[in-house]
Amino acid sequence: RKKKARVSCSLPEPSWEERLANAVTPLWRLPYQEQLQVKYESQRKVLQTLASRLEELGIDAQKPGGLCCPLQPVVPSPIINGYRNKSTFSVNRGPDGNPKTVGLYVGTGRERNIVCVKADHVKNMPSKHKQVARCYEELISGSPLDSCILFHEGGHWRELVVRSSRCGHTMAIITFHPQQLGQEALATQKALLKEFFTCGPGAVCALTSLYFQESTMTRCSHEQSPYQLLHGAPHIFEELLGLKFRISPDAFFQVNTAGAEVLYQAVGELCHATGDTVLLDICCGTGTIGLSLARRVSKVIGVEVVEKAVEDAEWNAAFNGISNCEFHSGKAEAVLPQLLASWEDARPLVAVVNPSRAGLHYRVVRAIRSCRAIRRLLYISCKPEGEAMRNFLELCCPPDPRKKLAGEPFAPVVAIPFDMFPHTLHCELVLLFTR
């Protein structure tokens, strides 16, 4: 008898475009309402975990559903596709072996299987960013200089950051490893870059600002290696809730502008701010939250580590005719304890914190807990299951002399997730604490 042929049930290998979409926008295939449900469930698990951890500390935190506080539905993003106002592109080997491919990574360094895939099809990125990336690849493809894939192996062309605004402005920041190039050779490359984006094929991008940064590290701040303006205006501008904001190359600004408007309006309502309230805006970036609420409160005090962002915040306040704001430059763990230790203002003090994924420094939490005037605190986190969870526990645990955690503990009151990142698994969680 003839043997039956085996039928293979294996699915075809996904294309590189699909692999990239799955890596950076893992929910891209789901209808938007289903994406919101996925995010709601993930935030519910965060609140369940926090409730369990608080129980371990002897705090009765179990609410209906095993949550530490009520969880509201995920607030949808007003814009679902092309919402990002900032994109970072890498330069590395593409699937075809081209070492000057400009795109996003598929794979990991640990597995040594990194491939750089063009991002033309990625849903959350606007077409303008993709256009600048294509032009940058055209530029470096025609350059005799190599791309810098591993620092010690040489090469020069590195990252591209594109920032844009609803005002129609576009900023491009090109990172370049100088290696052993002298100042004359560097000046030549900068002149070629400027020519390409102003008179050559890159002129189609109509850049508002073109920056160049010589960087010998993975990431450099402006203080470590200044951003050099090659063409155009030093800043781009954005309008948000009726205010105009100036944005520097490395200043933090919420990546979804339309979503940020919805978020900041909700923050204003949750603050319960009155005319005599002092708003403490920790990790304030360019001052967007504090300035958007300034007309509701008597005073705004912002703290931010990036000096250029503080300069932007001060300019933003002056330009918008807001005079009741002050901004402090420096690490929050250095600035805040000094600021709050001598606090004797009788006005109500509300704190809003919006830290990076690393969360708040331990000394910041300690200073907040020790300041009796702070009765209400809003914690905005883009990764509540990460280091923010440590902060939540530090805010809510009983006083602990060994950890120098004094002051009355806070308690979570309500949690509201905001979908600032459609098509991804990420969500911005606003957690209100009171005491």
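Every residue number used here counts from 1 along the chain in the order it is shown.
Just so you know, glycine gets a Cβ as well, placed from its N, Cα and C.
These numbers come from a predicted model, not from an experiment.
Sequence-distant neighbours of CYS382 (active site, nucleophile): residues of the same chain at least 6 apart with a C-beta under 8 Å from its C-beta are ARG357, MET420, HIS426, CYS427, GLU428. Summarising the annotation, TrEMBL assigns active site, nucleophile to CYS382.
Around GLN254 (S-adenosyl-L-methionine binding site), the C-beta neighbours below 8 angstroms that are at least 6 residues distant in the chain are ALA260, LEU263, THR288, MET420. Taken from TrEMBL, the feature S-adenosyl-L-methionine binding site covers GLN254, GLU304, ASN354.
Apart from GLN254, GLU304, ASN354, the S-adenosyl-L-methionine site neighbourhood in this chain, defined by C-beta within 8 angstroms of the site C-beta centre, holds PHE252, PHE253, CYS283, CYS284, GLY285, THR286, THR288, ILE289, ILE380. Between the two most distant C-alpha atoms of the annotated S-adenosyl-L-methionine binders (GLN254, GLU304, ASN354) there are 15 Å.
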